[in-house]
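S.K.: Provided herewith is a single structure, encoded as structure tokens, for subsequent inquiry.
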Amino acid sequence: MAIERTLSIIKPDGVEKGIIGKIIGRFEEKGLKPVAIRLTQLSKAEAEGFYAVHKARPFFGDLVKFMTSGPVVLMVLEGENAVARNREIMGATDPKKADAGTIRKDFATDIEKNTVHGSDSVENAKIEVSYFFPEVQVHAYEWKKLA
């Protein structure tokens with residue numbers, strides 16, 4: 001299996017609920033390790049640039065407003081098939097359609113406040129990771145198994 005990197009964002013609703021540690025724990029329990037992590041407040045320009053692919057969509061303005069409404073946690077996750085695994089752990093975009101035990105089913109409010117973002121393809125993961133993290137800020141390391 002391929003070792004990949006993917007971008008994960010804990011959105012403002014996840015930060016506000018105080019579940020950052022729970023979310024990171026779920027990724028780690030499923031074999032995805034954070035190799036870069038940062039708590040930040042996105043500017044309007046950063047959010048518009050990151051979500052530019054949705055600019056023509058009717059929800060774009062609300063998405064930018066929400067993503068700049070409070071702090072977010074930006075992470076690069078690394079592991080086998082990280083992109084697909086991350087999406088599986090997050091669950092469906094609409095929490096009402098998400099499987100039990102996924103982050104969105106357990107913590108999200110609605111399709112807008114759905115707690116987390118994850119890259120949707122290996123190609124987009126590379127673009128998204130580089131948008132927020134220059135390579136120098138990403139640190140590879142090996143996990144040591146606890147006895």
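Yeah, the Cβs are placed from backbone N, Cα and C, and that goes for glycine too.
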S.K.: Which of Asn81, Asn114 does Swiss-Prot put in the same ATP site as Lys11, Phe59, Arg87, Thr93, Arg104?
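M.R.: Of the residues offered, the record points to Asn114.
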S.K.: Could you tell me the maximum Cα-Cα distance in Å between the residues recorded as binding ATP, namely Lys11, Phe59, Arg87, Thr93, Arg104, Asn114, rounded to a whole number?
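M.R.: Spelled out: the longest distance between any two Cα atoms in Lys11, Phe59, Arg87, Thr93, Arg104, Asn114 is 21 Å.
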S.K.: Applying a 10 Å Cβ distance cut-off over all chains shown, what neighbour count does Arg87 (ATP binding site) have?
M.R.: 20
S.K.: May I ask for the distance between Arg104 (ATP binding site) and His117 (active site, pros-phosphohistidine intermediate), taken between their Cα atoms and rounded to an integer number of Å?
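M.R.: Cα of Arg104 (ATP binding site) to Cα of His117 (active site, pros-phosphohistidine intermediate) measures 10 Å after rounding.
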